[in-house]
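As given in TrEMBL:
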- S26, H57, R77, I78, H79, A109, S208: phosphate binding site (BINDING)
- E189, N231: purine D-ribonucleoside binding site (BINDING)
- 20-265: domain 'Nucleoside phosphorylase' (DOMAIN)
Amino acid sequence: MSYYEASEFLKTKTNIRPKTAVVLGSGLSELIDMAEVDTIIPYSEIPGFPELNNTYHKCRSVFGKLSGKDILIMQGRIHYYEGFSMQELVFPIRMMKYLGIETVILTNASGAINTDFVPGDLVMIEDHIKLGFDSPLRGKNPDEFGERFFDMSNAYTSGLKELALSAAEKENINLKTGVYGYMTGPQFETPAEIRMLRIAGADIVGMSTVPEVIAACHCGIKVLGLSGVSNMAAGIENGGFNTEVIENAEPVFSDKVKRLIERIICDIN
């Protein structure tokens, strides 16, 4: 995969040269409205970008300005359950590295395991649990990005977490913190799986983000993870998949994400 070729293609389409990128997850696609848009490029036009067929995501890269700063917003992401390899999942992250991205804000929607959380809450991801699933770094190590073995103890960058907490206080947002449990989907988790994750220390659960975090950490991109709680997980207070609950929750956490990201971008160095 030519991450360099993809990045060079994008550079020919815009004069925007961002240092920060935002990946918009489920229920958050319309947050593109927060940016002053310069250029929109569908993923399908980017050389080497995995071919997506996800009706829940817009699937396009948006260059523009946010809080007066150059920004790249990825409107939609690649999921393992769509049939892609782990290496394909992290194509955008490695492409970002060649673009000069230094910080990425990853957003998603999740189910709450922690009973102190409710649909509509916004959670800052402090850490994650990835079980025995495939790794995006399996196989020959791409030495241009990082070493074969590397530390993940600060995968979610401490300085960014402090910045997010400060930004939340300024915006009067009750920003929860928690551990994200990664499951590949597309089926939702069983109550037994949720009990396992709860025992292991997970507060929320979802089907994305973790492969991107691993790739970003590997190539030296700083990471902030934000998750909007869309529903209670299976077996938690009669939780599970409920379309009405999810549809009611998404506008609530979407507004929080928008205000928080705008403040973070404003305050970021």
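Every residue gets a Cβ built from N, Cα and C, even glycine.
TrEMBL: automatically predicted annotations, no manual curation.
Between the CA atoms of I78 (phosphate binding site) and N231 (purine D-ribonucleoside binding site) there is a gap of 22 Å. Taking S26, R77, A109, S208 as the binding-site residues under consideration, the smallest Cα distance to N231 (purine D-ribonucleoside binding site) is found for A109. When the binding-site residues I78, H79 are compared by the number of other CB atoms within 10 angstroms of each CB, H79 has the fewest.
Counting only same-chain residues at least 6 apart in sequence, those with a Cβ under 8 Å from the Cβ of S208 (phosphate binding site) are G25, S26, R77, H79, N108, Y182. Long-range C-beta contacts of A109 (phosphate binding site), restricted to its own chain and to partners at least six residues apart, with a cutoff below 8 Å, comprise G25, S26, G27, L28, G206, S227, G228, V229, S230, I246, E250, F253.
For E189 (purine D-ribonucleoside binding site), applying a Cβ distance below 8 Å and a minimum sequence separation of six or more within one chain yields G111, M183, L197, V205, A233, A234. DSSP assigns N231 (purine D-ribonucleoside binding site) to a strand. Its Cβ placed at the centre, S26 (phosphate binding site) has 22 other Cβ atoms within 10 Å. The DSSP secondary structure for A109 (phosphate binding site) is strand.
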